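Colleague: Okay, here's the structure, questions in a sec.
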Amino acid sequence: MILGIGTDLCNIERIGRTLDRFGDRFRDRVFTDVEQATAERRARAVETYAKRWAAKEACSKALGTGLRMGIAWKDMAVANINSGQPVMQVTGWAADRLAEMTPPGHEAIIHVTLTDDHPWAHAVVVIEARRPGETAPERGLTPAQPPRM
């Protein structure tokens, strides 16, 4: 079952100007050490930061709080698994909020997707609840789709 959906569109140039103006102060306030290391080793660091900013905003919306109720920027972090797929990790108040919104007997799964097309970075976060051991539905025909001819 879907617990929350969030999306955010971020201007890459705005993040670039913020990085130029505030540098490490901005980086250290918003991004984890892992996120900073990931961005700094990429040729397009500003785009990487902008996508992660958008992901944090989208995650806070999917959690139903926005950036309030004690949730901090670093409570949400984007990492990449070996395939390159982004994953969202939550700690602190964000993890507390996730636990609060997850029905008993379920586990929460956070899906995140990121993209950029200058000057925009975009992220979508979907929070899903599944029973332990339950797998994702098979792809293909769903009740909302007409039969294929």
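Here, residue 1 is simply the first one shown, and the rest follow in order.
Cβ atoms here come from the backbone N, Cα and C positions, even for glycine.
Below are the features I grabbed from TrEMBL:
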- 4-92: domain '4'-phosphopantetheinyl transferase' (DOMAIN)
- D8, E57: Mg(2+) binding site (BINDING)
Colleague: Tell me which residues of the chain lie with their Cβ under 8 angstroms from that of E57 (Mg(2+) binding site), as long as they are six or more apart in sequence?
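Modeller: For E57 (Mg(2+) binding site), the qualifying residues are G6, D8, C10, L67, A123.
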Colleague: By a simple count, how many Cβ atoms lie within 10 Å of the Cβ of D8 (Mg(2+) binding site), its own Cβ left out?
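Modeller: I get 19 for this one.
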Colleague: Per DSSP, what is the residue count of the domain '4'-phosphopantetheinyl transferase' (4-92) in each of helix, strand and coil?
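Modeller: For the domain '4'-phosphopantetheinyl transferase' (4-92), the helix, strand and coil counts are 49 helix, 18 strand, 22 coil.
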